[in-house]
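Have a look at the structure below, then the notes.
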Amino acid sequence: MLYRQHVYLLNPPCSATLPINIDSNFGLHPVLLHTTKHINPMSEEYEMGVTTARKTAVGTTAVNSPTRQHSDENRRPSNPAHFAPSIQTSGYYNHEKPTLQDALAQLSPNELEAVPTNTDPVADFDALLASLESEDEEGQSIEDEVPTIGEARAVPSVLLETSPNRGLDDVEVLSRRKRYGWNMMKDENRSHLKTFLMFFVGPIQCVMLLAFVLAAGLQDWIDLGVIAGLLLLNAVVGFIQDYQAGNIVKELKKTLAQKCTVLRNGGILAEVDVPSLVPGDIVYLDEGTIVPADGILITPRAHLQVDQSSVTGESLAVQKKVGEAIYQSSTIKREEGYMMVTATGDSTFVGRSAALVNAAAAGTGHFTQIIRGIGSALLVLVVVTLFVVWVSSFYRSNPIVHILTFTLAITIIGVPVGLPAVITTTMAVGAAFLAEKRAIVQKLSAIESLAGVEILCSDKTGTLTKNKLSLGEPYTVQGVDPSELMLTACLAASRKKRGIDAIDKAFLKAIRLYPGVKDMLINFQVVDFTPFDPVSKKVTALVQSTRGERIICVKGAPPSIMRMVLDAGPLPEETIKQYNEKVTEFARRGFRSLGVARKRAGSPWQLLGIMPCSDPPRHDTAKTIREAIDLGLKIKMLTGDAVGIAKETSRQLGLGENVYNSERLGLGGGGDMPGSAIYDFVEAADGFAEVFPQHKHNVVDILQQRGYLVAMTGDGVNDAPSLKKADTGIAVEGSSDAARSAADIVFLAPGLSAIIDAIKTSRQIFHRMHAYVVYRIALSLHMDIFLGLWIAVLNQSLKIQLVVFIAIFADIATLAIAYDKAPFSRTPVKWNLPKLWGISIVMGLILAGASFICLTTMVLAPTVDGIVRGGIAENFGKMDSILFLEIALSENWLIFITRADGPFWTSWPSWQLMSAVLTVDAVATLFCVFGLLNGGQIEPVRHLVTTARVWVFSFGVFCLMAGVYYLLNDFVAFDRIMHGQWPGKKKHKNETMEDLGTLLRCFVVIWDAEC
């Protein structure tokens, strides 16, 4: 039987009422079907399905099925009982489905019936065209965002016994939602209290808690309060930034809600939000519908064509019959029916798959390991310093109180207590900024990995191109006008907006380029329409003109159209030759080709020609790719399109022409090529065509083993493993739920430019973090070395209150680094830890040396009543206050050096950072000028002279550090030395290990296939 949108009742010539019992497993009540018209099995009504079905359910009246080409609203059945089965009393259903050619051959003028027509076909067609045009402005809708996945929950079969006439009522829906939750993959929601307490967890925080206990034991209540304040400050700042970033993401997610049609409350069809579905709901599925949950088809004798490519990776649509499972995120391509929901949210197939992927990827992120490693190294330095202090103190027989006081001072100043808070704040502010650009960062550590991406493996459709087909200049067979070809192609197109595909949409929108076609088009009514069949590779429509003439219109893959025409009769050799040459030419130019043919009643098939179509690149893609190349980023295109199309697109965009068929990758990654050869091959390739998900995974794996940081874009469930495998998984606009869950960053804006823009932003964020880490390591080294040696040599130290204030000032001044106007690197960035530690150590030594110079000039000078009468103080000042000011100024200004990408004067800091640093400097100066830290023993007027000298001395230290930092940062030899390499020494690829790795992958793939 030909495809149609409703089920037709076919019985022998009789009129009867027959009771039908439907399988109780689906929980459906018995229904009665009544035939209302005698049917000749060989008549056109049999072939074209112009038969009505009347259903009589318990307590209901008969309702006619809607006609084929009505609008979505008019053609939607009132409830699933419209799809109840009829009794099969003849063997007609066992016959193979008749073709349109067979139907046309059996046509008889006496048997023709008027085909239902719309009341105003011109207005309806104009409305369709206007709707298609408006889509260009509105853009595509995006599915609801879902970050994380849970476990599956079994649904008792009794809950799946829902009446097909009534559906669930609101009370039952609420009850089931309470039990099974919302139909969404749940966020990993932690309580606010738990989130806040997590900011007290970590090696640095643990040491500060020990310092808190130590201060309490010494009954140093001021320091106790300050330490508690530092811990709370870091936790509060981190929590607030995390909370604000989370709110921005949640607000974006609220705008992404999807709708579905569900039967509830006594048989009422209503549109509801997809998250509100519960197990047992009856959902209406139509062409173009994205399946909102897992379920089973309950419409008897319906044969839905379902695209499961986003779930299973199957390239062909799958036919679903009553009782068979339909998976969430699949797309209905053909027919309509009703589905009973069997699983929602985390319990769906998609949810469980994503949970497995996430579980496999669980663990500590690279960035977290870096920060913990830095914190642990500084803690080791603190322990070494404390050991030196304890040995010297025991040697001098210092009281235990003094020893504990020294321990408290070194612990407070040596441990970078503000490191986690400042880093978290910097990344959270950056994530919020990216969210404003419609890029949702699902893991803060993804910002760091995105900044270091060296190779971006990008899909073509929708990212590099518009995902909107446009038509080229057609080729027509001799004697055929292009308008005839266009008219036939448009007649072989769906006119339902909801079920229309991209190719049909392109043809209908191009009608304006062919004057007169629109006027002719509205004179035809579609009698029967068969959407694209992946087996026959063509679209077929039977149309009838207002004069009663019927025509079969076909468009599809050129070879399929040619075979169909040749099967019906011969064609001139010249026509066949030109046709095939044009197909080759269009493919070489990057066009997809569609052959077009038609058949009139009593006439042979007529080949009309070829219509080329292409998915043009986005207007900004070529420019964006050039910008990406300038940023040191290599882009490799991975597409499912043919090699010819991929090469032409790559050439147009400037990606290169080294695009190969994915078959070159083979099962284990390289076919017959040895490991080292396939590694070189993939590294040099500009892209691959006709790829499947496993090819993407292989490409990412090979590039990672070569030491590259790789980003991968994807949109389907089958892309989830590749997204997790990549260093940065990117879910592009319109991605499936599972792809978004597996990705590190979800983009809600289309195109490559959004990704490149995010990469630049992430590099800015990385620069801020790098600047702060160098600064903070240098500060810890400075104070550990200076205080440790001062205590060990002179058995003296700064007052503990001054040490605490120095620690506070260091953190407060640099919190604003998150808002700094940082430059972005022109090359991929990553943590160069040897160089980072080398520069930090040199900066720390310069700071420690400056403090020792300041201290020594005062130690060697005479003092009277605690007042230094020489040295840098020039007879004006007290040692503790002068050292406090020198340390505060020198340390705070270091951030201006580490934040710059070159000499510090070439890049001015943001007003937030400048204000924070100058405010801290002013407070430190006031402490010194007004004697707030020395009991007011120094006259203010004299103190100003000392303060000016300290400022000048500190500025000299700042200039020295700036020069040294600039030299070391750009000195390649220094970088090599820190890595243990000397100039001229080259790294060699381990080809033996690469060959072994390829062999092992081949073995695993073959073993899996055998199993």
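Keep in mind that glycine also has a Cβ here, set from the backbone N, Cα and C atoms.
Since the structure is predicted, the reported quantities are computational estimates derived from the model, not experimental observations.
Taken straight from TrEMBL:
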| type | residues | note |
| --- | --- | --- |
| COMPBIAS | 59-68 | compositional bias 'Polar residues' |
| REGION | 59-92 | region 'Disordered' |
| DOMAIN | 151-220 | domain 'Cation-transporting P-type ATPase N-terminal' |
| TRANSMEM | 195-215 | transmembrane segment |
| TRANSMEM | 221-240 | transmembrane segment |
| TRANSMEM | 377-395 | transmembrane segment |
| TRANSMEM | 401-434 | transmembrane segment |
| TRANSMEM | 773-794 | transmembrane segment |
| TRANSMEM | 800-819 | transmembrane segment |
| TRANSMEM | 839-861 | transmembrane segment |
| TRANSMEM | 911-933 | transmembrane segment |
| TRANSMEM | 948-968 | transmembrane segment |
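By number of Cβ pairs under 8 Å, the transmembrane segment (800-819) is matched best by 401-434 from the list 195-215, 377-395, 401-434, 839-861.
Per-residue confidence over the domain 'Cation-transporting P-type ATPase N-terminal' (151-220) averages out at a pLDDT of 75. Contacts between the transmembrane segment (221-240) and the transmembrane segment (195-215): present, as 3 or more C-beta pairs lie under 8 angstroms, all at sequence separation of six or more. When Cβ-Cβ distances under 8 Å to the transmembrane segment (195-215) are tallied for each of 377-395, 773-794, 911-933, 948-968, the top count falls to 377-395. It is 773-794 that, among the stretches 773-794, 839-861, 911-933, 948-968, forms the most Cβ pairs under 8 Å with the transmembrane segment (377-395). By the Cβ criterion (under 8 Å, sequence separation of 6 or more), the transmembrane segment (948-968) is in contact with the transmembrane segment (839-861), since 3+ such pairs are found. Remote same-chain partners of the transmembrane segment (911-933), defined as residues 6 or more beyond its termini with a Cβ less than 8 Å from a stretch Cβ, comprise 799, 801-802, 805, 809, 812-817, 819-820, 880-882, 884-885, 888-889, 892-893, 895-896, 899, 940, 943-944, 946-947, 950-951. Taking Cβ pairs closer than 8 Å, the transmembrane segment (773-794) reaches residues 374, 378, 381-382, 385, 388-389, 391-393, 406, 409-410, 413-416, 418-419, 422-423, 803, 806, 810, 814, 836-837, 839-841, 843-845, 847-848, 851-852, 855, 859, 887, 891, 894-895, 898 in its own chain, all 6 or more past its ends.
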